Amino acid sequence: MKPNVVSADVLFEEFRNLLKWEWVAGLGASERRFAEVAVRAARSGADLVGYLNYIHPYRAQVLGEREIAYLTNATPEDCKRRIARIVTLEPPVLVLADGQAAPDEVVSMCERAQIPMFSTQESAAFVIDVLRAYLSKHFADRTTMHGVFMDILGLGVLITGESGLGKSELGLELITRGNGLVADDAVDLYRINQTTIEGKCPELLQNLLEVRGIGLLDIRAIFGETAVRRRMRLKLIVHLVRKETLERDYERLPYEPLTQDVLGVPVLKVVIQVVAGRNIAVLVEAAVRNTILQLRGIDTYQEFVERHRRAMERGGAS
C-alpha cells in the first residue's frame, strides 16, 4: 500500500526549521497536494521533486539561480511565456532557493493559479536532497510483517518462523551477545527505492520485546541505548522451521541462494531447523557472516562445487 496524500502546509511545517523557508505566494492553496497519478507512477522521491523542467509535470519544482535567470533574462514576451508554462505543469508547490528574490511575475502567476511558493536561503541542491529523502519515505510502498527485526553484526536481519519456535527468546539471546533490537512482533517495512527495503518498529512497540513466561521487556531500559536501533535496511531473512518442515519443503544444500520477495525486492533468505540442543543464536550469527561474504561476492558453496569439479577432473585424468 502506498499513501498518496501530502499537502503544501504539511510540507511547509515539516521543514520550517530545517530549511528556514517563508511562504511568499499562494497562501490560499495550503491544501494543494501531489497528484495521485504522479504518486502512483513514482519509483522514488526523485520523480516527485527537481529543478524546473517543463517535461516533468506534477512534481515540486525548485527554482535556483539558473532557473530564475532563465525565467527573467529574455524579452518580455519570452519571459511571460516561460512563466506561464509553469502553470501547465500543475506543480504541488514551487520552491525558490539559493536566496533568490521572487520575481513579481512569478508571484503574480502563483497567486492567480493558487500555487504555493516557498522561499529559502538554502541551496537548490540541498532543498532537492531534503525533499527527495522525505518524499521517498512518505510515499514508499509499505507492509507489515510478523517477526523479530534486528541489527546483527551490522546487517538488518528479520527473524521469522512458525509460531512457538522461540523467535523472541532468540532475539533476547542475540541482544545479550551485543546485537541490537529494531522491532519485535510487528515490523513496518518500506521500499525506499527500487532495491532497498527499510524496516522500523511501530511507535507503540518501540524498545519492547515480549518473552513468554516473563512478559514485556523494555530492552532500552534493561540493556541500554546501544541495544536498540531506530531503523535498519533489510538484508537477510532468517526463517525458523521444525525438523519435519525442513525435510519436506527445503533442500539440504540449495544450489542457488534462497530469496523471498518483499515489496517487489528479492531478499536473501536462510532456513534454520529448530531442535533441542542446537545453539540457534550461534547459527544465526554464522548465517549473517556468510551473507556478508555473499554480498561481497564470495560464494562458499560455488567455490566448493568448483573445487569438487577440479578434483573429479584430476581423478579422471589419472
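Cβ coordinates come from backbone N, Cα and C, glycine included.
The C-beta environment of His146 (active site), restricted to residues of the same chain at least 6 apart in sequence and closer than 8 Å, consists of Thr160, Asp185, Ala186, Val187. Feature annotation from Swiss-Prot assigns active site to His146 (among others); the stated evidence is sequence analysis.
Lys167 (active site) counts 22 other C-beta atoms within 10 Å of its own C-beta, drawing on all protein chains shown. Annotation source Swiss-Prot lists active site at Lys167 (among others), citing sequence analysis.
When secondary structure is read from DSSP and collapsed to three states, Asp185 (active site, proton acceptor) falls in the strand class. As annotated by Swiss-Prot, active site, proton acceptor applies to Asp185.
What Swiss-Prot lists as active site is Arg252 (among others), and the listing cites sequence analysis.
Reduced to three states, the DSSP call for Glu162 (ATP binding site) is coil. Glu162 (ATP binding site): 12 other CB atoms within 10 A of its CB, across all protein chains. If you look up Swiss-Prot, you'll see Gly161, Glu162, Ser163, Gly164, Leu165, Gly166, Lys167, Ser168 marked as ATP binding site.
Residue environment of Ser168 (ATP binding site) contains 20 other Cβ atoms, counted within 10 Å of its Cβ in all protein chains. Look at Swiss-Prot and you will find Ser168, Glu210 tagged as Mg(2+) binding site.
Sequence annotations record features per position, and here Swiss-Prot assigns region 'Important for the catalytic mechanism of dephosphorylation' to 273-278 based on sequence analysis. Beyond the region 'Important for the catalytic mechanism of dephosphorylation' (273-278), the same-chain residues lying 6 or more positions past its ends with a Cβ under 8 Å from any Cβ of the stretch are 161, 165-166, 240-243, 246.
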Gly161, Glu162, Ser163, Gly164, Leu165 filtered to the binding-site residues whose C-alpha is within 10 Å of Glu210 (Mg(2+) binding site): none
Residue, out of the binding-site residues Gly161, Gly164, Gly166, whose Cβ gathers the largest set of other Cβ atoms within 10 Å: Gly161
Residues that sit under 8 angstroms from Leu165 (ATP binding site) by C-beta distance, when 6+ apart in the chain: Leu240, Val241, Arg242, Val274
DSSP residue counts for the region 'Important for the catalytic mechanism of dephosphorylation' (273-278), split into helix, strand and coil: 0 helix, 1 strand, 5 coil
Cα-to-Cα gap, Lys167 (active site) vs Gly161 (ATP binding site), nearest whole Å: 7
Confidence summary for the region 'Important for the catalytic mechanism of dephosphorylation' (273-278), mean pLDDT rounded: 83
